[in-house]
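Okay, so here's the structure we're looking at.
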Amino acid sequence: MMQIKRLLCKSCGLGTLLVAVVWLLALLFYSHSLRSSIRSAGWRIDEGNATPRAELSYQARVTVGCTPNASITTGESPAAPKPPSDPEQLELLGVVRNKQDKYIRDIGYKHHAFNALVSNNIGLFRAIPDTRHKVCDRQETTEAENLPQASIVMCFYNEHKMTLMRSIKTVLERTPSYLLREIILVDDHSDLPELEFHLHGDLRARLKYDNLRYIKNEQREGLIRSRVIGAREAVGDVLVFLDSHIEVNQQWLEPLLRLIKSENATLAVPVIDLINADTFEYTPSPLVRGGFNWGLHFRWENLPEGTLKVPEDFRGPFRSPTMAGGLFAVNRKYFQHLGEYDMAMDIWGGENIEISFRAWQCGGAIKIVPCSRVGHIFRKRRPYTSPDGANTMLKNSLRLAHVWMDQYKDYYLKHEKVPKTYDYGDISDRLKLRERLQCRDFAWYLKNVYPELHVPGEESKKSAAAPIFQPWHSRKRNYVDTFQLRLTGTELCAAVVAPKVKGFWKKGSSLQLQTCRRTPNQLWYETEKAEIVLDKLLCLEASGDAQVTVNKCHEMLGDQQWRHTRNANSPVYNMAKGTCLRAAAPTTGALISLDLCSKSNGAGGSWDIVQLKKPTEAEGRAKEARNSDKAL
């Protein structure tokens, strides 16, 4: 082809002009055909999705997601209302008072990867903070607005029963009944005893909702196929997929439905607030969007620079290259038109990236709706595997790469070092789907949807800011107190006795009692997030069932979050474990560990919070003068 073009160029300039005209007409015809096929099916999109406006061809300010101290803008109003419930009550919900509490906590972490004791104690419903920005509409919706009705599809496998019921209850309590067509539960062949018998009847009795439909798979199908099973049973205008460990916030559904009503080829995604897996504390998420790396792993990243200039910008919606996949709304008929999910994908993993590529490349869009907020329990691990132990993430990612990424799939294969002989199944049906929908190529996606993604071998986008990184030991924290932890009735203090490594205390060092002295290994600094930090370097951590150590501050709270009364004779309580600090004996060198708080209230478990006096300005100036004299 190149040789033919060269001959044409040599023969005459007119040939070059003709080639250019032919190419231009072909491109115009392709664009018109694609947009016509979308419109002929009745799908509406923002015109900016088909040909991005200049102001949307922006570069990312930061390309890493949610890293500590990264430049992230939150959508929380400065005057956001506080949660109606007393925070101290929430803190006490995880207290382990006896062996039964400990069993519930431990079995919850084993089966669900979160604190089931706290979840049980919260109950069916609770107040949570309204985390929307102040510009979001808080006026009640009426039927006159004529929004489409929604079918909620919630799939689960071996979910914690109280958490599942609360997920449904929040939908019922915070959704206008005329907008809620039904809730469809798809049980992916759960085998936990509490879920095996009479679950549907129990849910109907506790939740008192007649349009609750229950489907139980005859075998494990996985999240991906289970969602399609639920979607095919739905009758609402809009499908809303929700995970089974969530709490929806105030007026969460209306903004999603408004967007889909105006753009029915758009997948509408709420902002996903954070529910701590250890403490169930509900906190607002920053406004971020979805991206991915060349390993096809989803990641959060900042909104492009200049997105949020004035308060009205916080209404959104914002374009997002990918979505996390756990929570989103889509027109039901458009979901079918788009090809649902890839039914040959197994269990979990990669389906969110696949549907993200497919939506954008086939004429749709993904947008984050900041005035819709849904809290989600973010777990540190996935508590289940595939039935046969297969690497479903790898298989699913290979399928999406070979269908949607064209030659760019080679970057994924090289990144993951995938053998060429790895079996990812038959993809012929998905390739036919791509052809039928007249989808764009992956080069178009990279240029128009995700230009910030660095392609290996290409020059980096210069207008994109480099990732912000701060060493963990030098990050700025807001310290609110400085003290020693003295065992009540003694002159012994909690201390770390360990050698320093490169000038820092050794991570993983345990605590023991030592004679109280104002030395760095006994000085504790408390942050506004209730972290207790040794010498402003390492965080006190409940690192095992009973072990207490100092470790790198991960800033995820939970096992590094502590409570005390700030005075004498106080228990020191860990929020994640629900247990308290206790010394083995009131002697020098005695190990400090975690124990039931009921035991810790006695000998070995009560602590005096010995606050250190801050020097006056005069004392500070005198110290500086002495240091200057020494320097001279």
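Think of each number as a place in line: the chain as shown, counted from 1.
Each Cβ is built from the backbone N, Cα and C atoms, and glycine gets one as well.
What you are looking at is a predicted structure, and each value in this text was computed from that prediction instead of being measured.
Taken from Swiss-Prot as is:
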TOPO_DOM  1-6  topological domain 'Cytoplasmic'
TRANSMEM  7-29  transmembrane segment
CARBOHYD  ASN69  N-linked glycosylation site
DISULFID  CYS136-CYS371  disulfide bond
REGION    147-259  region 'Catalytic subdomain A'
BINDING   ASP188, ARG220, SER244, TRP348, ARG379, TYR384  substrate binding site
BINDING   ASP243, HIS245, HIS376  Mn(2+) binding site
CARBOHYD  ASN264  N-linked glycosylation site
DISULFID  CYS362-CYS439  disulfide bond
DISULFID  CYS493-CYS516  disulfide bond
DISULFID  CYS539-CYS553  disulfide bond
DISULFID  CYS580-CYS597  disulfide bond
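DSSP assigns ASP243 (Mn(2+) binding site) to coil in the three-state reduction, placing it in neither a helix nor a strand. Across the region 'Catalytic subdomain A' (147-259), the model assigns an average pLDDT of 95. Other residues of the chain with a Cβ within 8 Å of the Cβ centroid of ASP243, HIS245, HIS376, the Mn(2+) site, are SER167, LEU242, SER244, ILE246, ILE275, GLY326, LEU327, GLY375, ILE377. In terms of Cα spacing, the recorded positions CYS136, ASN264, CYS362, CYS539, CYS580 all stay beyond 10 Å of SER244 (substrate binding site). If you compare Cα positions, CYS539 (disulfide bond) sits closest to ARG379 out of the binding-site residues ASP188, TRP348, ARG379.
Listed binding-site residues: ASP188, ASP243; maximum Cβ neighbour count within 10 Å falls on ASP188. Binding of substrate is attributed in the record to ASP188, ARG220, SER244, TRP348, ARG379, TYR384, and the widest Cα separation among these residues amounts to 22 Å. For CYS580 (disulfide bond), the number of other Cβ atoms no farther than 10 Å from its own Cβ, over all displayed protein chains, is 26. The Cα atom of CYS597 (disulfide bond) lies nearest to that of ARG379, taking the binding-site residues ASP188, ASP243, HIS245, ARG379, TYR384 as the candidates. When the binding-site residues ARG220, HIS245, HIS376, ARG379 are scored by other C-beta atoms within 10 Å, HIS245 scores highest. If you compare Cα positions, CYS580 (disulfide bond) sits closest to HIS245 out of the binding-site residues ASP188, ARG220, HIS245. Separation of the C-alpha atoms of CYS493 (disulfide bond) and ARG379 (substrate binding site): 35 Å, rounded to the nearest whole number. Ranked by how many other Cβ atoms sit within 10 Å of their Cβ, the disulfide-bonded residues CYS439, CYS539 place CYS439 at the bottom.
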